[in-house]
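Written below as structure tokens is the structure these notes are about.
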């Protein structure tokens, strides 16, 4: 064991350092140490980074004690938990989550319903292959005014989609995603999915051209997920159905003629547009929910598997090759949002689902799972309607909610549920809260009044990007939210 460190009072605490991070393991002989009782997180980080320990320079660390992050001195922790200075504390060290810092806001004419990012490290950037040029990051926003906008990182609008009379959406857009740097998809209250070709003549101006209209849903489409590699789209609709679509005109089946825009319009009132895009139907339309379907996502490792969440309280696993439900997990509340969290080498992800009860429930979708809910994330004061996994850390995710905040969660920080919370299972609380910049300091009679967050994405290059009722896209630097 290393030589003991002594503080001014002379009090010391024996600690044992552990970690699950393979590249940060200490030799067995260095894992136990006597440290000053008044030492805090920063001091412990310095100890670990020192030449005699990890010799890692200046990596910021957080420390978990019995599942909770250390936020006081060791002495205060011992006192607060009824422990003596003679106790041997086991400290699990992890790379810190660094506070996301506000960077910019992009103004819109109406509420911003959805956002996405195209960057070198984003899924769409990777699907673009060599066609994507590093440094040409783009932000996609969808709005209740029925328009899509593509921005550069400096806040300049590069392209805006045409209006409904020119081939665009005829009602509010609820979801939008980049497929590649030259293709994107959107969907909304006009019950259609639209695929767009995106081109740039230079780095400051571009063009969005509708190439495909997909018909099948009979209700608003509130969620859209894409896989650029397989050219497939998943949708979740208020009609209770999950849609599975192709972005290729050649492989997409014909659309149901009764759902096309002119199907119920007299010859005198035919809807005409100046742009004609091909009209197609779904590869599969699965009416598997008894209430509005809120979200659908692909399995991170197996794109033939999908998961859906619904206001009917269920989360379902779908085999896309046969369009059948494999498993159904029932929950206690209507589900409003969904994201899949990859788990190390595990074949199955962990699913995070936002609920109408204002919390986020983590679900193990495996049929063999002993319990449906693995953990509950608590802290939002209104409905969490947007979720996104960290691009770099399998334990972290961000949520956006109608309380006007985005919250960053670290799943390694866990405590038992209190009696007020039902007394069962594990609970995690947000490590950081991101407020809307324009609402800071203002008092709201209802949580999130005027600034409800509708969508959020976490990108390794640009950070945490969110869209809200305040008619703004907000960027909070997140490149180093997870310390390297």
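Using the three backbone atoms N, Cα and C, a Cβ is placed for every residue, glycine included.
Taken from Swiss-Prot as is:
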{"type": "REGION", "residues": "13-95", "note": "region 'Ubiquitin-like (UBL) domain'"}
{"type": "REPEAT", "residues": "122-161", "note": "repeat 'WD 1'"}
{"type": "REPEAT", "residues": "168-206", "note": "repeat 'WD 2'"}
{"type": "REPEAT", "residues": "216-255", "note": "repeat 'WD 3'"}
{"type": "REPEAT", "residues": "288-328", "note": "repeat 'WD 4'"}
{"type": "REPEAT", "residues": "330-373", "note": "repeat 'WD 5'"}
{"type": "REPEAT", "residues": "379-419", "note": "repeat 'WD 6'"}
{"type": "REPEAT", "residues": "448-484", "note": "repeat 'WD 7'"}
Whether the repeat 'WD 4' (288-328) meets the repeat 'WD 6' (379-419): three or more C-beta pairs under 8 angstroms: no
Beyond the flanks of the repeat 'WD 7' (448-484) by 6 or more, those residues with Cβ under 8 Å of it: 59-60, 95-117, 119-122, 137, 139, 141-142, 151, 153, 175, 381-382, 385-393, 396-406, 408, 434, 436-439
For the repeat 'WD 3' (216-255), distant same-chain residues with Cβ under 8 A (at least six beyond the ends): 123-124, 127-128, 174-180, 183, 185-189, 191-193, 195, 278-298, 303, 306, 308-310, 312, 318, 320, 323, 338
Secondary structure tally of the region 'Ubiquitin-like (UBL) domain' (13-95) (DSSP, helix then strand then coil): 22 helix, 26 strand, 35 coil
